[in-house]
Amino acid sequence: NPWVALAYLVAGVFFILALRGLSSPATSRAGNRNGMIGMLIAVVTVIVTHDIANIVEILIAIAIGGLIGFTIARKIAMTQMPELVAGFHSLVGMAAVLVGLAAWMNPGAFGILDAEGQILTVSRIELGLGIAIGAITFSGSVIAFLKLSGRMGGKPIMLPGRHVINLGTLAAIIALIAAYAMSATAGPGEGWMIIAVAVLAFAIGFLLIIPIGGADMPVVVSMLNSYSGWAAAAMGFTLGNTAMIITGALVGSSGAILSYIMCRAMNRSFISVIAGGFGADDSAAGGG
Amino acid sequence: MDFISVLSIFVLACFVGYYVVWSVTPALHTPLMAVTNAISSVIIVGALIASAEAGSATAKWLGLAAVVLASINIFGGFAVTERMLAMYKKKDSK
């Protein structure tokens, strides 16, 4: 259906206008409205063009989430904004993990099976990456939320040998995704690989954020934002959905640039923040 | 769609994202982050597809849970951005 792709393209254009609009005070409110319009187009398109039997359940799910989100947004104090955004990121990360697991459990419905009834190799890689990035976004955002809200000390927690641990965990995640992609079958028997990817990714999200001091947290929140975009894009590749690919890429790259801009404004080293306190010296430690 | 067309779309969108935010004024860093966060809940599209497909009850419930999470983010994210921007506007008019 060409109209679906066209509608997703229009939604993507609205998202671009939203990001652009938020760059200057004069256009910022129109920008936010454009974002809402884009999201409405994307959601309505998928509901209208998909053969959906359980529309009531879906509308209830949207209503529950909408009510919770709206209430939180109304009640939160202005000073709590950064922690709120961090909390919201964790939801996107978890949603990406759930969508990935759903696609893995029900691959036939997503059209990602090959002639022999196995999940396509490229889809396995996309699934693995999407779940891993989503899980990192989730646990990293939870830690950022806890630090910003003062529920966890703002001081960097420096584990001995943390770079070795982080690199080892990252290597294990990549190796597991590769092993999953190359295994002869991709059914329930290989499920432990996907679960292990998720668990290790949850762990590395935690490990990457605990060494970062409270002062650097806004940059981290923006970086996690970028990760949530990449997770959405990876899921978009799995589903062959251009709305998710375009928007995920937009969010991923603009979030990374925004964290870079924020780092520069704060005179921080971008690499040291994203690598989880890599090369963090006394000055960075004192920032907490 | 074949992988290369999808990849082309992805790469071009990355470049758009790269260039679109460079000129942001520092005062708008937090609202921009909030709106980017709201937009990233486009993952709801995947969640809706997952929750609508028959074949696996577990997958459907995972999809519905993802729809709830993404909806919190959509409504909360845009509403909170609107609130922040309203505050800036008040400051300007004083």
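Heads up, the Cβ atoms here are built off N, Cα and C, so glycines get one too.
What TrEMBL says about a protein is an automatic prediction, not a curated fact.
According to TrEMBL, the features are:
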| type | residues | note |
| --- | --- | --- |
| TRANSMEM | B:6-25 | transmembrane segment |
| DOMAIN | B:7-90 | domain 'NAD(P) transhydrogenase alpha subunit C-terminal' |
| TRANSMEM | B:32-49 | transmembrane segment |
| TRANSMEM | B:61-81 | transmembrane segment |
Near the transmembrane segment (B:6-25) in space but 6 or more residues beyond its ends, with Cβ under 8 Å, are 32
If one takes Cβ-Cβ under 8 Å and requires six or more residues beyond its ends, the residues near the transmembrane segment (B:61-81) are 31, 34-35, 37-41, 43-44, 46-53
Whole-number mean pLDDT, the domain 'NAD(P) transhydrogenase alpha subunit C-terminal' (B:7-90), equals 90
